[in-house]
Amino acid sequence: MQGLSFTFSTATLFLVLCLQLGIIESQDDENVRKPLLIEIDVPSTAQKNQEITVQVTVETQYRECMVIKAYLVSNEPMEGAFNYVQTRCLCNDRPIRFFWDIIITRTVTFATVIDIVKEKNICPNDIAVEPITVNRYYTFNTVRMN
């Protein structure tokens with residue numbers, strides 16, 4: 001009888017260990033859908049008065065669509081397209097590309113900002129989600145003038 005009890009408790013312990021490892025693994029960051037995946041393509045250097053293109057590709061792992069607003073921010077005053085704010089509907093089956101053409105007159109550091117917003121008449125039938133955790137993503141880039 002004692003041998004059966006030892007086998008049962010060993011099997012139970014093994015089962016609990018397997019379940020615990022499974023729970024921990026399922027909560028790993030690799031298994032969590034990310035609201036935004038952002039790729040930025042910008043040259044690191046430019047000549048004075050050269051026009052460069054900042055290209056930002058955004059995609060989501062969410063199944064639902066969301067409204068995103070993309071823009072550039074700098075502590076240096078910039079002219080033209082640099083100041084454009086672009087609002088689009090992002091869905092998991094089609095990444096979005098944003099473009100800004102800017103003229104470099106000096107070395108500049110700027111932030112590319114993507115906000116997930118609640119705005120009507122952007123996504124079809126106004127069906128979109130807004131994450132409850134983070135709704136602003138940004139990254140800094142520097143273009144040095146040669």
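Yeah, the Cβs are placed from backbone N, Cα and C, and that goes for glycine too.
Long-range Cβ contacts of C91 (disulfide bond) within its own chain (separation 6+, distance under 8 Å): T60, E64, C65, C123. According to TrEMBL, the disulfide bond annotation covers C65-C91 (among others).
All protein chains shown were included, and the count of other CB atoms within 10 Å of the CB of C123 (disulfide bond) stands at 18. Taken from TrEMBL, the feature disulfide bond covers C89-C123 (among others).
The pyrrolidone carboxylic acid annotation in TrEMBL covers Q27.
Residues or ranges marked as signal peptide in TrEMBL: 1-26.
A C-beta separation below 8 Å, combined with a sequence spacing of at least six in one chain, links C89 (disulfide bond) to C65, M66, V67, I68, I122, C123, P124, A128.
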